[in-house]
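Accompanying notes for the structure given below.
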Amino acid sequence: LVGSDSTNCTQHSGGWSPQVTDRHPWLQLDLRDRIEVTAVATQGRYGGSDWVSGYLLLFSDTGRAWKQYRQEDGVGRFVGNVNADGVVHHKLSHSIRSRFLRFVPLDWNPSGWVGLRVEVYGCAYKSDVADFDGRSSLLYRFNQKSMSTVKDVISLRFKSRQAEGVLLHGEGQRGNYITLELHRARLALYLNLDDTRLRFSSGRVAVTLSSLLDDQHWHSVLIERFQKQVNLTVDTHTQHFRTKGEGDSLEVDYELSFGGIPLPGKPGTFLRKNFHGCMENLYYNGINIIDLAKRRKPQIYSGNVTFSCSEPQLVSTTFLSSSSSFLSLPATLSASGGFAVRFQFRTWNPDGLLLSTRLALEPQRLELQIKIGGVSLKRAQKQHLAVSTGYRVNDGLWHSASLSSRGLQVTMTLDNEPSSTMELGDHMEAGDSLYFGGCPSLNVSGCENPTLAFQGCMRLFSINSQPMDLNLVHQGRLGDYKELQFDTCSIHDRCLPNFCEHGGQCSQSWSCFYCDCSGTGYTGATCHNSIYEASCEAYRLTGSSSGYFSIDPDGSGPLGPTQVYCNMTENKVWTVVTHNSTDPVRVQGSTLQKPYIMKFNYSASPEQLMALVSGSEQCQQEVMYSCRKSRLFNTRDGSPLSWWVDQGGERRTYWGGFLPGVQQCSCSLEENCMDMNYFLLSYKEHLPVSEIVIGDTNRTGSEALYRIGPLRCYGDKSVWNAASFYQESSYLHFPTLRAELSADISFYFKTSAPSGVFLENVGLKDFIRVELSSPVAVTFSFDVGNGPVVLAIKSHVPLNDRQWHYVRAERSVKEASLQVDQLPLRFLEAPSEGHLRLRLNSQLFVGGTAARQRGFLGCIRTLTINGVTFNLEERAKMTPGVSAGCPGHCSGSSSLCHNSGRCIEKNSGYVCDCSQSAYGGPSCKEEVSVSFNRESSVTYTFQEPFSVIQNRSFQASSVYRGNSRARENMAFIFMTTQSPAMLLTVSTFSQQYIAVILARNGSIQIWYHLHVDRRPDVFTPRPSSLADGHLHRIRIHREGKDVYLQDMNLKYSLSSDTEFISIKSLTLGKVTVDTMDEEVMQAGSKGFIGCLSSVQFNHMAPLKAALLKRASSLVRVRGHLVESNCGALADSTIFHSQSGEECRMYSDYTVFLWTIKHFHTLSNTLQSNGCPCSPAGVVSAVVFITLCVVVVMTRFLYQHRQAQRDASIKEKEHRTNLETAYRREAAYQAEPAYRTEFHLHDSHSSTLNDNREYYI
């Protein structure tokens, strides 16, 4: 038993207590031999007030090189005692096999001092050990020429002194091989069971696991293989994978080698770098290899292998703080007047000071530092950068650095890289100190940290070829130090395991990890949240209209996003998923023995299709099938001859219009039957069609013609899935929430109650809860073992106002956040050292708690947890005190308010809040249009976001962060004859911008400038001119890298998915700033002459704000603006689509199309009945069509002239009505409660003379 101060280790039953002057106390146990330790227990000092409340546990084989024990979550801290007499017992999640243990107190009784009694539980540990010196190996020779196995189990333990080295290798002449080796301190397994592959070829697949395996501590490895399935386990981490190729057995010739790959016929020569370190308990399929070698069995060849593990004295020191750690050692010049310094370091941080020393001519200093991951040597004060390597050193590996001076030159060498030399201009000051890792806070000798102090590990210090003994430093007999941990390297790989989800790339610093979510389609601290909506219905609710969208049916779940077409009609929102064969296909020559088979590959995976179908209200798929002399089933026994296969792989013989299981065909066996038969498959549990099989078209003249349409689904069952709670003691219960590492919870609620628990799930100690804690506050609280964490958001308006409010709470290993409506996000960082897993074991309670107290009264809908939507309605039907659905006008899927208008309940009706819509009117459907001249412009300045929101209930920092999705929605209608022209530009404080312009030729251009140091992305959707005096609608939607032009059905990809940060302003019309590209500036200087209508950017409507809030400081109007009705013309006259190919008229044009259609149908009918078309018939048809055209055009020209005559009168009336409506809207905006734009739908109101609506 040894203490940090050996003179103060008490030997009586009172326990151990260090001196008060001991800077870093610890208690060390020597177990006399390696013991497998399974548990530890602590107790305070007997008869006093001294105890330890928290401590670290370290272990070592030698008593010099120590390693910190970490529990299952990576937590290094052990909870100690709360008094002197109680015993706190900890069972280790994985045992320790070691001789020495060290207890390092972290916290103790504040009213007393450190006092400790310990007890260790375990059992004896025996092992067979082999030592490899980097030039040795063990060869195990088989009894036969080759060994072929379908099952292998290989286990061993090793500790290595190097980051590279082969542990195991075996190969066969037919191309099979297995190699286990260390590469960059990670363990790589190469395995090939396919005879056709070349060993070590570029096509080989390596499975890599773990890291930092060159720490000179024991690590366990287990390889389990059965045929193609392989499990690789390193310490506590396991990876499962399947091998490639056709083979499922491993065939190895002659021998297996351990520790290296010897070159045949050349003893002592190896193909790869050998392993340098120790192995123990090496088993191959139950055979103890080291035991055979120790007993000198003939099947084992042991070259230069010894059977005891040598222990090198490579003792490390950890620099704990990035601001205050340092180590100073005296610098003495050599006899030649120069100096030479060598040391090794490892770190994750991209910046930090490695070494600083003073030159003779003050205040100049020589500094060696890590900068942006590379190493630079410079002479401070003059800022002369002499050496800057692109060689990355913040990779967690050991790197060696050396500096040597001769005369006025200094040479730097990093690892095995070529040396670099620079001129000092001055000598080094004799007798000064060398500062490693940082500088003292007192600015001794002018030493200052350039950026950060070094945070990592260092070892093998040598000054002028003399090794430095850090024990003397620790004892205060040499140099000085601060914030160091001796005899251990406490580096920790925070990317193991990788907590970045959905393919996110993990990187790390010393204290935390980061996830790069670029290109994944997800965002957030751990790439947990999808940047896409879950359905087309969700896009409609955000104000989008028909177009191509990427949807993520399971949100943050494992399924990725897929692209679909969203057809948003007036009544339904259709999701359309296409496949690889939508054209008609003719089939001939197929039999039941050799049938025709077509498999359909959809634009979504089978799992995504299943999620889409199950979440939709209804799905259908159109099938066109016609046949001649072909049967769908055998008339004798009813066996099918043709069929289709559903999503589950089941054969289906029913067709449209019939129930599953009914075999029907409307085709006749007569030769003249060639009817076009259309079927609609609508039993959604069987959709989509994955395959069609046709097996009876082999007779003369026999054929079949089919076409399978795309999958079409409408409705989102989750959006309005709601439950009403009308008893405080009632609740819905669901299975235990499985969200150990991450959980995102979102839902809508409305209530009139002042408080209530939305949901709760508890464990033995852990819990998670979301509740309405007061009429104006929502609280999210949880505990994962680090103490309760509470996030709360307070609203400036009541939340119990019987309106729908949105809540989203998220917790991950990196952070926790809470969002309520559009209020600023509350955000908390998780502690870098703490428990990670949320362990729950009870049921999930929704609308209440297990104690039946503080229950919620009101409605909850669209409850989604980790991408899974909970069916509240189904559970509510069988639960007393809860009913399915939610009463009220605004509780259904019908669109009472359009164009992103928000439905708000009233006692006798509802109102539409159009404040976030570009439209106005009672239902947010009225266009808002303005005419611009060359000097006109409207600039909307965005309010600055909150910078900091404090939450004092948690120790970590709490900062505001906006929605991190890289997403923009833009929409507007314009009409002009001018080019070039500036339509819209959005700029940020960081000189990012988006611009939509008309080029010189009148074509529209979209500019995305997201990186100041890169060229902007420019898209030109159509080369034709849009400066044609017609109305054109533009709708742009961005998700990450994907930009959709929805009216044109086009998709573009940006060069980056960078989000638009700190938006400054949006401008319509003339722009005079000079921070944009030249072509954009030319268009901006020309301004815009014409009409703009219904302008929307995300949730902002700048054009409407310019009309309603001219006195607002957020809106700046320049030039002359005139309210117009050009937007309304889109609904009353001709509307030119962006493609220029569609032209829609009303009334007479519709009659004309109907006439042509029915005449064409008549012609087809005559042809199908075998009636020849005579010349007279053709002439009659032409005359008939010509007369129709003349009549329609004459009527249209008359109506157009009449419209021109009434235009001025109607425009005056329209302007008067607009002014009245805007004054009404402005009055509503003055209301203090919401300050939003309302139009009342009230059966008792009579204030809206022209727009009165009644509901009965």
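Each Cβ is built from the backbone N, Cα and C atoms, and glycine gets one as well.
Values in this document were obtained by computation on a predicted structure and should not be read as measured data.
Out of Cys859, Cys903, Cys912, the record in TrEMBL bonds Cys886 through a disulfide to Cys859. When Cβ-Cβ distances below 8 Å are used as the criterion, the domain 'EGF-like' (491-528) is approached by residues 70, 74, 210-212, 215, 237, 318, 322, 346-350, 396, 455-457, 550, 552, 556, 558, 560-561, 741-742, 744, 810, 812-815, 832, 964-966, 1039-1041, 1056-1057 of the same chain, each at least six residues removed from its ends.
Ranked by number of Cβ pairs under 8 Å to the domain 'Laminin G' (938-1126), the listed stretches 1-123, 129-309, 316-489, 721-886, 887-925 are led by 721-886. The average pLDDT computed for the domain 'Laminin G' (721-886) is 92.
Sequence-distant neighbours of Cys886 (disulfide bond) (same chain, 6+ residues apart, CB-CB distance under 8 A): Ala722, Ala723, Ser724, Lys750, Cys859, Arg861. In terms of DSSP secondary structure, the domain 'F5/8 type C' (1-123) contains 3 helix, 63 strand, 57 coil.
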